[in-house]
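What Swiss-Prot says about this protein:
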- 78, 109: anthranilate 1 binding site (BINDING)
- 78, 81-82, 86, 88-91, 106-114, 118: 5-phospho-alpha-D-ribose 1-diphosphate binding site (BINDING)
- 90, 224: Mg(2+) 1 binding site (BINDING)
- 164: anthranilate 2 binding site (BINDING)
- 223, 224: Mg(2+) 2 binding site (BINDING)
């Protein structure tokens, strides 16, 4: 038995270095499926430590496909797993904030447990998702937004894919995904399904020199800034961590209902997003998109506050800029035509 796994089995905790090596063993295929399943099950049962998480993140970043990190980008990504079947809020918000001037490197995947993953809905919107790293950089430079399809950058995850599917419950990989952006984005909005895990992820990311990151969790269980209740926020700005609660009504946004933002398929999600960007819908769908887009504009340094960012996002939708941005993102480059 792998000695690091043995330590877990015997109730021990791993140092950052030990966790790093255990993750490398998983990613390299050195562990058997039974050993991977045992490791993930033990961690899920007792909970991961921040030190272990930092070691895991470093290993996953080291195993990811290399990509130049010169661009000043913002990512919005979530752990998923909230089970609330909402439309792809962070994807809609990404389009809005890219229309407002922020450079977005959207990291995502197809759906695993939700009704619609970010890759699924972008395809339904007619946006190419499987671009090369070079093409993605050009998209970000020229259109302010590019999509980083996770399987293209984290191919070593195939070593644990079958085990994760068989286990059928949340594992540490749900938490690691948002922390392992291929461009190692220093500015992020990370949605988390619980306050406890948000705090854990913030503590794990802090030693890795983030510039400005918001970890957000709705009191309704949504892994976004929500419109139906208050939201819990951990703001990590360089080495300063601040915790606070946001009430959407403080932003002049009327609280809505989950039923107003729930969908049953990627196609339904895409249709709602189009209506939002075309300013053909009001209420909760528009407000939750603007709230999350505004948060990223704040993190990107395009707005002085969350309030100012939210107002800017609403104006970006109302003046037609978001609609125009969607049309730009749909336009294929010559390279995309070749690989389509």
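Here, residue 1 is simply the first one shown, and the rest follow in order.
Every residue, even glycine, has its Cβ placed from backbone N, Cα and C.
Overlay of Swiss-Prot feature records on the structure.
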residue : record                                              : DSSP (3 states)
78      : anthranilate 1 binding site                         : strand
86      : 5-phospho-alpha-D-ribose 1-diphosphate binding site : strand
107     : 5-phospho-alpha-D-ribose 1-diphosphate binding site : strand
164     : anthranilate 2 binding site                         : helix
223     : Mg(2+) 2 binding site                               : coil
| query | So how many other Cβ atoms are close to residue 223 (Mg(2+) 2 binding site), meaning within 10 Å of its Cβ? | reply | 29
| task | From the binding-site residues 86, 90, 164, 223, 224, pick the residue whose C-alpha lies nearest to the C-alpha of residue 109 (anthranilate 1 binding site). | result | 90
| What residue among the binding-site residues 107, 110, 164 has the most other CB atoms lying within 10 A of its CB? | 107
| note | Whole-Å Cα distance, residue 223 (Mg(2+) 2 binding site) to residue 78 (anthranilate 1 binding site), is 6
| remark: Among the binding-site residues listed as 78, 86, 90, 107, 224, the Cα nearest the Cα of residue 164 (anthranilate 2 binding site) belongs to 78
| What Cα-Cα separation, expressed in whole Å, is found between residue 110 (5-phospho-alpha-D-ribose 1-diphosphate binding site) and residue 224 (Mg(2+) 1 binding site)? | 18
| So how many other Cβ atoms are close to residue 90 (5-phospho-alpha-D-ribose 1-diphosphate binding site), meaning within 10 Å of its Cβ? | 24
| message | Quick check on the binding-site residues: of 86, 109, whose CB has the lowest count of neighbouring CB atoms inside 10 Å? | response | 109
| Taking the Cβ of residue 224 (Mg(2+) 1 binding site) as the centre, how many other Cβ atoms fall within a 10 Å radius? | 27
| field | Cβ-Cβ neighbours of residue 78 (anthranilate 1 binding site) (radius 10 Å) | value | 25
| field | Pairwise Cα distance for residue 78 (anthranilate 1 binding site)/residue 107 (5-phospho-alpha-D-ribose 1-diphosphate binding site) [Å, integer] | value | 10
